[in-house]
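In TrEMBL this protein carries:
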- Arg38, Glu66, Arg67, Lys68, Tyr69: substrate binding site (BINDING)
Amino acid sequence: GQGVDEPLSATGFRQADAAGLFLSNVKFTHVFSSDLLRAKQTAATILGKNKFCKDLEIKYDARLRERKYGVAEGRPLTDLKAMAKTAGEQCPSFTPSGGETLDEVRERARDFFEFLCRLAVELEQKEQDMHGAASRSSGTAEEQLVFPWTNHCSEAELSSGSGGTSEILDANILVVSHGAYMRNWIGYFVSDLNCTLPTNLTKSQLSSVSPNTGVSHFIIKLENGNLLKPEITCVCLNQDSHL
């Protein structure tokens, strides 16, 4: 939750190191992290392993915090499940006293995602103003965006959402957050924005919480800067081969 702001354990740092090595060839343009300590340490560790953007500023945002669990924070998961059972409900839909509802978490995720979309559109407009659309970026997509997904998804999935590898992204954003929050964000992508999913993804995988430092990769297209109709393709979900 939010109330117990613990640092990463030794295992957590090892996992963050592994994620950093996994993503070391990806050239990010922006990094956003939850302002809770465990996420801040994860983001800093990932960037510390990166070959291109070690010095990129990490921006901390309270909208990326884990779901607030109220009276259940700092207590074992078994206590939360017992509270839910007493209330005649089940996790994760159960909201402890003083906690956030799933709808409230999803609203935070929606607000942050719309902020990212506006950021990307503003970047594109600035680039066009400065250089003209034809020369907005130098180098090829392969030089700028090297994702380690080749063993985990088909080329068709990679190219379907990105128009092939020849396209250059206006923004390539790393977001570091928390398990329950990200599950809600993905639910928002799928149910509200009709996100295209990998063909081999099961319903149980879609509803499960990401393992620590699990990586999910989404390609977002905003045709003609249209913020109301983002086209979202999930390349991979909760990828943990680096662990």
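Glycine residues also receive a Cβ, built from the backbone N, Cα and C atoms like all the rest.
Bear in mind that TrEMBL entries carry predicted annotations, made automatically and left uncurated.
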Cβ-Cβ neighbours of Arg67 (substrate binding site) (radius 10 Å): 23
Shell list (substrate; ref centroid = CB of Arg38, Glu66, Arg67, Lys68, Tyr69; cutoff 8 A): Gly1, Gln2, Gly3, Leu36, Arg65, Glu73, His178, Ala180, Tyr181
CB contacts for Arg38 (substrate binding site) [other CB atoms within 10 A, all chains]: 21
